[in-house]
Amino acid sequence: MTDPAGHVRAGFEGFDRLWTPHRMAYVAPGLPSVDDGCPFCAMSDHALEESLVVHRGKTCFTVLNLHPYNPGHLMVLPHRHVAELEDLTDDEVTELMTTTQQAVRVLRRVSGPHAFNIGLNLGGVAGGSLSQHLHQHVVPRWAGDANFITVLGGTKTLPQLLADTRAMLAEAWS
């Protein structure tokens, strides 16, 4: 496959490959997978460091995205397995938003982003790959940080390991 400039692109989706062996830690045994049921429900029950959970509240928790758009990409979600926004309890709605506010505060303090993308993908057609468990994305943004989803560049680099990001954010959350 070639791109518009005539460069040969590897892979069916046209992205170049960047070898990142350190990411094997994220697919190693012990982390929840879709085959094990809902990975978010499994994360809710694991130790913080094992599951990339940054914060646990009464009805919601915050976890680093395993495949982040940018460093510090968080997801805020209810402990309870629920897919639809309208099925959340009043307490879950309140904590989802107050936890999202706190996530923004923590990310501003820890990494100083210029802006944020915050949102829900409700249903698979809307882009939700794990749509069976509602989750709100909190994506820090910086001027010149590529694009929300890397389309044009074909390669995504992240300057920080997820475990290091999780540790910094969890400490700042306290």
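Numbers run from 1 along the shown chain.
A Cβ is built for glycine as well, from the same backbone N, Cα and C atoms used for every other residue.
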- Note on the structure: In TrEMBL, of the candidate ranges 13-17, 33-37, 108-112, 133-137, the one given as motif 'Histidine triad motif' runs 133-137
- Over the domain 'HIT' (39-148), what is the model's mean pLDDT? 89
- Message: Let's see if you can do this one: DSSP helix, strand and coil counts over the motif 'Histidine triad motif' (133-137), in that order.
- Response: 0 helix, 2 strand, 3 coil
- Quick note, His137 (substrate binding site): same-chain residues at least 6 apart with CB under 8 Å of its CB -> Asn65, His73, Leu74, Met75, Asn117, Ile118, Gly119, Leu120, Asn121
- Task: Mind tallying the domain 'HIT' (39-148) by DSSP state, helix then strand then coil?
- Result: 39 helix, 26 strand, 45 coil
